[in-house]
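For reference, TrEMBL has these:
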BINDING   58-62, 122-128, Tyr133, Asp151, Ala250, Gly309, His358, Asp425  (6S)-NADPHX binding site
BINDING   Asn59, Asp118, Ser154  K(+) binding site
BINDING   Lys395, Gly396, Ser397, Thr398, Thr399, Gly424  AMP binding site
DOMAIN    10-208  domain 'YjeF N-terminal'
DOMAIN    215-486  domain 'YjeF C-terminal'
Amino acid sequence: MRTAYTSDQIRTAERALMALLPDGTLMRRAATGLSVVCAGLLPGVYGSRVALLVGSGDNGGDALYAGALLARRGARVEAVLAGSRTHQAGLEALREAGGRTVEAPWPDVVRRADLVVDGLVGIGGAGELREPYRRLAVAASEASGLVVAVDVPSGVDASTGRVEGPAVRAQVTVTFGACKNGLLVDPGRSYCGRVELVDIGLGPYLPDPDVVSLTDEDVADLLPRPGAESDKYRRGVIGIIAGSERFTGAAVLSVGGAVRAGAGLVRFAGAKAAVGQVRAHWPEAITTVLDGPSVADVGRVQAWVIGPGLGTGEEARELVRAVLATDVPVLVDADGLTVLAGDRSMLRRSAPTVLTPHAGELSRLLDVPRDRIEAARIAHVRRAVTELGAIVLLKGSTTVVAQEDRPVRVNATGTSWLATGGTGDVLSGIGGTLLSAGLSGYDAASCAAHLHGLAARLASTGNSGGQGPIAAMDVARALPQVIQSL
Ligand SMILES: NC(=O)C1=CN([C@@H]2O[C@H](COP(=O)(O)OP(=O)(O)OC[C@H]3O[C@@H](n4cnc5c(N)ncnc54)[C@H](O)[C@@H]3O)[C@@H](O)[C@H]2O)[C@@H](O)CC1
Ligand SMILES: Nc1ncnc2c1ncn2[C@@H]1O[C@H](COP(=O)(O)OP(=O)(O)O)[C@@H](O)[C@H]1O
Ligand SMILES: [K+]
């Protein structure tokens, strides 16, 4: 499991460790690790041009010390001092090693560098970058040389991943002690490139993480697998209520996600047209044409999925109400969420409820503008959990899953080719299947996001190594191969 922390958590741990060590030890450890990564990225250190962007804090200090180490190995190191102050000991170390500082016109320095080291701000950064950092961040992002961010790309909020205004786009981010939330969560994540963690001995002083990201091994351990004694009922019966006379595809895709994720049995109920399509595509499913909002005729299930393509009229409302009135876990998606936004009282129940909104749907549920949710996913998914009393999976470029009193789980397996109609419907079927197999809502949602992302990647990659367009059904089709491989 990968773990990540807020800036405050990192600072507290650093203080505890620093109290036991001679002054400057941590910074030297950080700078040494940084210089090793930088040296590894250059075809040769000797003679290469390195530009250091140096802010006024310790982030600038790290860059200066690392620059000094590179200068000692023969690199031509030039430091742009951007802050009102500069880390003096770091600056002396650089000068002693033969590095130099440059005044305007610094754009040339950035332009001609083989490697740009972004030491403008780290975990001390707050809000939009001010000048001249802002211009330097833009110049670094446009540089032809490699860009390495020190601890966190300047302009990215380390605790939240929020990016206001320009920020440095790095090919590699060298982070110290522990990963910060903002390196795992978009939009920040997309500025980091590859993240390299340098151990500075912080481990024993770190608290429980704020954010985690599951690995393939974690998911493999959580996934239910049939044993010798399994039968279809014990493996898990999932009930899906989706689709309508008008929207039949969502039903087909949600059932597809469930069948291909390994449901013991899928019971599908919906409008006549949706049932017709589900039967045509998935003869494995047992179907019921719903005549009114009674779900009792559908048969016994261990978990429900409701919402994709359902519509938002009176009948849909009554169906959502009826399903939430049962005592089994329920996953609500798509139109089901829109219905809930109009009457949150339906969420008062004792069995687990998993909500799987995208930012637009969460915007309706929380009455918060969509762009604010996308800029601060962790904060909003947590708020949703508290306000709605459910487990919440927020979809999008980074999918995040939250439950009260647990770290937010961030999913990093997806691909932006997933941004296509119907892939969310497939996700609902996967999540429901895992719920019906007995996983907790938190585990079911996070494993579903993980498998969904891997399946999309597999479908998108094929044999070529590159990535290309996928259809939602391709994601469902790729699921068995993904589960085999875990
Ligand atoms: N504390 C420690 O023990 C260690 C810290 N390390 C480094 O120290 C960094 C934190 O250092 P600091 O606490 O000095 O903070 P930073 O160097 O991250 O930034 C603080 C400085 O940036 C300015 N600043 C903040 N937001 C700005 C904005 N939006 N635009 C322009 N200027 C802005 C502040 O006025 C302040 O001068 C870490 O990210 C890491 O790189 C490492 O050396 C490892 C050890
Ligand atoms: N830029 C992106 N990068 C990675 N995954 C994405 C991106 N945009 C959307 N997704 C994923 O694609 C799926 C889209 O689901 P959703 O918005 O519900 O679409 P639909 O309702 O058409 O099925 C979600 O799993 C979401 O996390
Ligand atoms: K930085």
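Any Cβ shown, glycine's included, is placed from N, Cα and C.
Just so you know, TrEMBL annotations never went through curation; they're auto-generated.
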Residue among the binding-site residues Asp58, Asp118 whose Cβ has the most other Cβ atoms within 10 Å: Asp118
Local confidence of the domain 'YjeF C-terminal' (215-486) - pLDDT mean: 95
Pairwise Cα distance for Asp58 ((6S)-NADPHX binding site)/Gly396 (AMP binding site) [Å, integer]: 34
Recorded AMP binding residues, Lys395, Gly396, Ser397, Thr398, Thr399, Gly424 - maximal Cα separation rounded to whole Å: 13
Gly309, Lys395, Gly396, Thr398, Gly424 filtered to the binding-site residues whose C-alpha is within 10 Å of Ser154 (K(+) binding site): none
Check: same-chain CB within 8 A of K(+) site center, minus Asn59, Asp118, Ser154: Leu53, Gly55, Gly60, Ala63, Gly119, Leu120, Val121, Gly122, Gly125, Ala149, Val150, Asp151, Val152, Pro153, Val168
Among Asp58, Asn59, Asp118, Ala126, Ser154, Thr398, the binding-site residues whose C-beta sits under 6 Å from ligand 2: none
Shortest C-alpha distance to Asn59 (K(+) binding site) - which of the binding-site residues Ala126, Ser397, Gly424: Ala126
Assigned conformation of Gly61 ((6S)-NADPHX binding site) - DSSP reduced to three states: helix
Other CB atoms, at most 10 A from the CB of Gly61 ((6S)-NADPHX binding site): 26
